[in-house]
Each structure stands twice: as C-alpha cells, then as structure tokens.
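Asks: TrEMBL lists 35-238 with the feature domain 'Neurotransmitter-gated ion-channel ligand-binding'. Annotated domain 'Neurotransmitter-gated ion-channel transmembrane' per TrEMBL: 246-481, in sequence order. Feature annotation from TrEMBL assigns signal peptide to 1-27. Taken from TrEMBL, the feature transmembrane segment applies to 241-264, 271-292, 304-325, 465-483.
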C-alpha cells in the first residue's frame, strides 16, 4: 500500500513540474514576442513598399478559394460569391534571427500594421467600397507575410441565356493592383486554378472548374504593364427545377391545344379553349421574362413559348374559319366538285371521319338509312299512283264536261248530276295543285338539308386534318428543344 501511494505521488509531482515548465516556456515566448514586436515596428512604416531597392519588383502570390455561391442574378448580371483570398509576400524590413528570440519563428499581428498590396477585384459590381477585412497576418522570421482574408464579392458577369434553362455560364474574377504597375508589384499564381476543395454545393449551379490565367495589359493612359490574374468560374445550371415548373407545363398545354379541333362544333367551346391556352402560355412567358435580362438573345424556352403561342393563334384562327363552314345553311353555295372528291371521298376515309351524327360504334346506321330510302321510294310510288288516278279522274271530268255541253246544246237540259260532276272535278284539280306544292317544298327542304350536311362533313374532315397536323408540329417542337438542350 505504501509503495502504491508513493508511486502515485511521484506521478503527480512530475505532471505538476511539466505544467509549470510549459507555462514558463509560453511566458518566455510571450516575453520574446513583445520584445520582437517592439523592435520590429520601432521605425517601421506601412505606407511604403517594403523593398530595399526601389527598382526591385515585389512579388505577391495570390490564391483564391471558392467557398460558396451566394447568388447568381441573371437579370442584373451580377455574381455574388464567398471567397477566401490568400496573399503572401516578403517584407524586407520585418526579419529577425529566431535564435535570439528563443526560437520564435512566427507571430500574428493585425494586418493594418504592415504594408499590404492594394489588390482589388477589377470587375466589382458592389455599391459598398469598404476596406478589406482587417484580419491578422502571419509574419515569419524570414520576412514572409501571409494574409488570409474572407470576402463576399459581387462581380459583373456577362450572362448568355440563349439555352436557358440548359445553359452554362463563365464568370470572370479579375484581381490586380490598383496603383502599382508590373515594375513595382508583380502578381504570381499560386495554383493553376482556384481552390474548390472547400466549396459548399449549390442548389442551382454546378461548378465545372475555375482555371486561373495571368494577363499583362498595357493601358492607353500609361506605358507601364499592369499584371492581373483572372479566375474563370465555369458554371452549369441544374435544370430540373425549370423543367418541372416551366417547360413540362408548357409541353402539356401545347398538346392540349390541338384537341380543340376534336371538340364538336356545336359545343361552343372550341374558340374559348384556344384563347384559354393562349392566356396560360402568356403567363409562363411573363414569368420567364422577369427572370431573364432584357437582351437580344431570346432564351430557348422563350423561343418555344413564342412558337407555341404562334401555333395556338393559328389554330384558333383556323377553328373560326372551320366553324363558319360548319354553320353554312341553306343559303350557301353547294360544295365544289373538287372538295367532294378530295375532302369527302379521300380525306374522310384517311382520317376515319364518318357522317355527321355517326360514329364507329353505330354500324347499324347504314341499314336504317337503306330502310329510310326504301320507305321514301314507296311513298314516291304511291304518290305517282295517286297522281295517275287523279289524272284519270281529271280526264273523266273533262269527258263528262264535253258530254254535258253537248247535251246542253242539243237538249238544253241542266240536271243536278251534271253540276255535281263538274264541282267534283274542280276539287280534284285544286287538290293536285296543293299536293304538288307540298311535294316541291319537301324536296327543296331535303336538298337544302343535304347541302348543310355536306358542309358539316367538310368542316369535320378539316378539323380532324388540322388536329393531326398540329399534333405533329407540337411533337417535333418538343423534340427540337430537347435536342438543342442536349
């Protein structure tokens, strides 16, 4: 028991001694850090470029890390991104011998105390022109300064929406010194591209790369070169949201529009359906116009909307014309011979168009019509028999009139039988005239009714023809927009 207590006591003493030594070491380093800071910045000025020879170029290494895309405003053509900007350079006046300061090789100090390169984003589109974030810098014993500063940048980006919502965008982030030329401060790429290892995945855009290119430009105002580094952010839009909310409803509405030709003309809803579909597409077109910039490049989905609206406008106009054909009455001219041959004989068979009021589920229609025709023939036969009988009676009346006239001349006798016979003959003549008038009216009515039936069948055939034509047009338009997107 005594041995165990002694061993535990010795361990506690060793841990206490180690903690005291570490605290003493840290306090010693803190002491040397204060001493180093006071000596370094005793005669230091952060206003001048930290080089011993003013003709010497100061190299600044630049590295950009993309953390997140905050917003892509296509209408105003502004890209908002969250970046980590790392700059490193050597300060000739901030060096020390680490052996003199107990091996202290680096310190952290506010960035406002040292000279910083005035590297800015050239294509900045933010109204706020505030100073960079005043974070600390890491100062090494050899004079190397590393400055990591987070920044939320808003840069101008030329947006090409020709293939929206299947488009890709390239946004440039150009960094360079605002006042120093290439003979004073030179910018060097730390990597061949931006760092995307810490990128937070965006819900709308995919990142396909961020290559970096160094440019040396000579402006018209100055003869000195001005270097800059341009990071090109390659973005690919995730189109699922726009497919399900903008494109797919338009395709469904487009396939609904040709069905207006299939509606019966007497329903009174053919024109109203076309107008309703046209208004629905106009609403979608306005939604796309609010998102897109007012440029000359019409987006792909906008072209599809315009083409569909044009097609629906044409279908509505054709529907009105066909309805006029359907409602041709007895005053209309007969169907031309070429229309009888082309439309009623050939096209009606191609598009399986039956007579008006007939469909494929009533095959007994033909038998009923045959019976009706047979009934009409029987009536006509009976009508002929009646007319022949009446004509015979008329001849008999004429003969009796002649005989009665002869009798009157020869004997001068007026009997009641003769008078009754003459009155009966006049009634027969009046009855024949009335029957002939009624028969002519019925015949004219049937002719006018048959003329209207022919025009209705012509309208029905044309409806079915344009329905398939517009279905094919909608199908090919949908395939074309998908093909262009691919």
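Using the three backbone atoms N, Cα and C, a Cβ is placed for every residue, glycine included.
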Asks: Are there residues at least six beyond either end of the transmembrane segment (304-325) with Cβ under 8 Å to its Cβ atoms? List them, or say none.
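Replies: Cβ under 8 Å, 6 or more out: 247, 250, 253-254, 257-258, 260-261, 265, 270-271, 274-275, 277-278, 281-282, 284-285, 288, 298, 455, 458-459, 462-463, 466, 470, 473-474, 477, 481.
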Asks: Who are the long-range neighbours of the transmembrane segment (465-483) in its own chain, taking Cβ under 8 Å and residues 6 or more past its ends?
Replies: 247, 251, 254-255, 257-259, 261-262, 300-301, 303-304, 307-308, 311, 315, 318, 322, 347, 351
Asks: Across the domain 'Neurotransmitter-gated ion-channel ligand-binding' (35-238), what does the pLDDT come to on average, as a whole number?
Replies: 90
